[in-house]
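Single-structure report; data block below.
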């Protein structure tokens, strides 16, 4: 049981770190900048900045601004819930009796899972394939990390709910 708890704790910490990286870094979409006769280099876009040769604030059209703000908000909420879940895990491990542990932690992680799902789904629906000033764009590592965190937070949340019985 101790090995299982340690494994879940390590995966939970990895999820928190990956959520921080995916939200802060600006590599959700990556593309090549081209002019008619000159290759400029790589361009990337995140939730906050657009980077080509220099980074500047991400500008979106009026209709997509609310979607971008929603993605930013849900990703920040997922970080908050994941950190709260980690703290709750440690607190519940030492304070609650067997059978009552990890119920709140599991619920918090499932809320984190839901926030990641909503945020990344909105980004997928509204911003995939659209990187201004590039010819071909694809998803960057932050987008992939966010989906990995989606899977990890779901598995961790379910495991916490199953462990509350042991």
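For all residues, glycine too, the Cβ spot is worked out from N, Cα and C.
TrEMBL labels come from automatic prediction, so no person has curated them.
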38-58, 143-163 - the one TrEMBL records as transmembrane segment: 143-163
Same-chain residues near the transmembrane segment (143-163), Cβ under 8 Å, at least 6 residues beyond its ends: 4-5, 8, 11-12, 14-15, 18-19, 21-23, 27-29, 75, 78, 82, 85, 89, 101-103, 105-110, 112-113, 116-117, 119-120, 123
